[in-house]
């Protein structure tokens with residue numbers, strides 16, 4: 001347990017520091033917005049490309065694990081929609097479903113995977129993201145489109161998928177690893193420097209992005225969606241791994257940890273753009289992020305580090 005706390009507590013201390021510094025106005029919303037843009041478009045792509053390009057993908061990744069992850073996400077998509085309809089959420093059903101299956105892989109899943117399982121965990125998480133992020137983007141747009149009354153559009157999916165720098169970086173990293181492409185020392189060191197900034201800054205921005213202003217949605221649907229995201233979806237993957245008799249290697253453990261990440265912060269933006277329930281998205285993001293300190297601890301204890 002001490003080892004697990006040594007993994008989890010630094011993550012949430014940095015996250016809390018971001019919230020506190022924003023709270024005392026040492027930084028403002030413009031800084032968080034700019035830093036998030038820097039992370040998403042530069043720092044994270046560099047980190048993903050660098051780590052994947054240096055990995056032996058054949059030893060850390062398998063199609064069977066990707067299938068398990070996809071199945072767990074699709075099951076959660078169906079379960080969350082059924083639950084939303086039976087609880088009478090109406091036009092909020094799409095947002096509820098999206099909050100239940102779309103995780104903050106990049107800003108929360110990657111750091112915990114990296115600090116728990118080292119570079120191998122980070123590489124596994126990165127490769128899984130390369131394949132899963134486009135699918136989840138599509139499913140999110142579908143979920144919100146189902147609940148829209150007018151103006152259905154898949155432009156957000158096309159924009160967020162075809163131009164997604166994280167997915168592009170992962171695919172380029174896979175190609176570099178597959179063809180054993182090397183880089184000069186000065187390029188290597190430059191990539192190392194940028195990569196080293198990424199995860200701490202990402203956690204800092206997650207904390208700085210959290211505010212009371214986001215807590216406008218109804219509490220019960222937000223709590224229910226958070227429970228689905230933090231507990232039920234990773235449990236589905238855990239159960240499928242057992243069902244298929246797969247070894248609980250670092251790849252399997254990282255898969256579960258990635259699925260146990262809290263609700264993605266981008267859900268609020270997408271819900272606002274597509275007539276979704278933005279207050280519900282905002283509340284679920286905050287609640288799931290706060291609760292994830294306990295659920296990450298639970299899953300790491302269950303899986304082992």
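Yeah, the Cβs are placed from backbone N, Cα and C, and that goes for glycine too.
The transmembrane segment feature in TrEMBL is assigned to 7-25 (among others).
Summarising the annotation, TrEMBL assigns transmembrane segment to 31-50 (among others). Distant neighbours of the transmembrane segment (31-50): 22, 106-107, 110, 126, 129-130, 165-166, 168-170, 172-173, 176, 191-192, 194-195, 197-199, 201-202, 204-205, 208-209; these residues of the same chain sit at least 6 beyond its ends, with a Cβ under 8 Å from one of its Cβ atoms.
The feature transmembrane segment is assigned by TrEMBL to 62-84 (among others). Long-range contacts of the transmembrane segment (62-84) within the same chain: residues 92-93, 96-97, 100-101, 124, 128, 131-132, 135-136, 139, 143, 146, 224-225, 228, 232-234, 236-237, 240-241, 244, 246, 251-252, 255, 258-259, each at least 6 residues beyond the stretch ends and with a Cβ under 8 Å from a Cβ of the stretch.
Among the features that TrEMBL reports, transmembrane segment is placed at 122-146 (among others). Using a Cβ-Cβ cut-off under 8 Å and counting only residues 6 or more beyond its ends in the same chain, the transmembrane segment (122-146) has close neighbours at 48, 51-52, 55, 57, 60-61, 65-66, 69-70, 73-74, 77, 81, 93-95, 97-98, 101-103, 105-106, 109-110, 113-114, 152-154, 156-157, 160-161, 164, 166-167, 170-171, 173-174, 250-251, 254-255, 257-258, 267, 270-271, 274-276.
Look at TrEMBL and you will find 166-187 (among others) tagged as transmembrane segment.
A Cβ distance under 8 Å defines the sequence-distant neighbours of the transmembrane segment (193-211), meaning residues of its chain 6+ beyond its ends; these are 11, 14-22, 27, 31-32, 35-36, 38-39, 42-44, 46-47, 50-51, 104, 106-108, 110-111, 114, 265, 285-286, 289. Annotation comment: TrEMBL describes 193-211 (among others) as transmembrane segment.
Cβ atoms under 8 Å from those of the transmembrane segment (223-244) belong to residues 64, 68-69, 71-73, 75-76, 79-80, 83, 87, 96, 99-101, 103, 252, 255-257, 259-260, 262-263, 280, 284, 287-288, 291-292, 295, 299, 302 of the same chain, restricted to positions at least 6 beyond its ends. According to TrEMBL, the feature transmembrane segment maps to 223-244 (among others).
The transmembrane segment feature in TrEMBL is assigned to 250-271 (among others).
Look at TrEMBL and you will find 278-302 (among others) tagged as transmembrane segment.
Sequence-remote contacts of a segment are chain residues at least 6 beyond its ends whose Cβ falls under 8 Å from one of its Cβ atoms, and for the transmembrane segment (7-25) they are 32, 111-112, 115-116, 200, 203-211, 289, 293, 296-297, 300, 305. For the transmembrane segment (278-302), same-chain residues at least 6 beyond its ends with a Cβ under 8 Å from one of its own Cβ atoms are 1, 4-5, 7-8, 11-12, 15, 92, 95-96, 98-99, 104, 108, 112, 116, 206, 210-211, 213-219, 221-223, 225-226, 229-231, 234, 238, 256-257, 260-265, 267-268, 270-272. Long-range neighbours of the transmembrane segment (250-271) within the same chain, counting only residues 6 or more positions beyond its ends whose Cβ lies under 8 Å from a Cβ of the stretch, are 60-62, 65, 68-69, 72-73, 95, 98-100, 102-105, 107-109, 112-113, 116-117, 120-121, 124-125, 128-129, 140-141, 144, 156, 206, 209, 214, 225-226, 229-231, 233-234, 236-238, 241, 277-278, 280-282, 284-285, 288-289, 291-292, 295-296, 299-300, 303-304.
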